[in-house]
Ligand SMILES: N[C@@H](CCC(=O)N[C@@H](CS)C(=O)NCC(=O)O)C(=O)O
């Protein structure tokens, strides 16, 4: 597995908190590092940024490449249970267990202070991971996340192939379902562009808004007129996300 890591200058003197950034469909460990523009403020705030790839690579599985919505580049941050994917596509465990252990062992990181953020499919990853493991992450935020994969075409295509045909298995990786089971101790920040091509068919933030209201989950959902799904949108608001995380991490 590949990942990118930014180490702020403060890490030369003391362990620093860690913010994970999970990227979306078609992205690699380089995308956020190059396009999100998070390093400048992370240097001021003293945050280590960890930006993993979106799936294993070079798996050789039939159907793992050639479709931008499934397989390599589209791991959906689940632990697959269906063959052949279950042998390699275990992004949930990778992000929650394997990667933090590797960071703790090799970098001046205080992993007891970790936050998680993501975009689109990575926003889905950040929300589901934080909701499933609130003891591991002190803060969570997302840009244009997939919040209800069980109900939208991206999820309806990928989740059955990774997890089988039972909707209960999809619900275990669906932020709208998870927040009803267990809330996150802190406000979730979500930014969404109103000119996002995927807003109505794939993202549907109103479903998460409603689920959070019903569950009593504090949510700050900000909608921005004129902004699309791209990293230009992310780079416009990334500072607010870093500050949101720094409030509890630093
Ligand atoms: N390939 C898709 C777009 C995929 C897409 O927008 N991916 C988002 C994440 S869901 C992304 O961050 N792409 C990388 C980039 O914008 O640099 C299309 O042609 O519609």
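Every residue, even glycine, has its Cβ placed from backbone N, Cα and C.
Remember, it's a predicted structure, so these values are computed and weren't measured experimentally.
Some features that TrEMBL has for this protein:
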ACT_SITE  120  active site, charge relay system
ACT_SITE  196  active site, charge relay system
ACT_SITE  229  active site, charge relay system
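Selection of the active-site residues 120, 196, 229 by a Cβ distance under 6 Å from ligand 1 yields, in sequence order, 120, 229.
For residue 196 (active site, charge relay system), the same-chain residues lying six or more positions away in sequence with a CB closer than 8 A to its CB are 144, 203, 227, 228, 229, 233.
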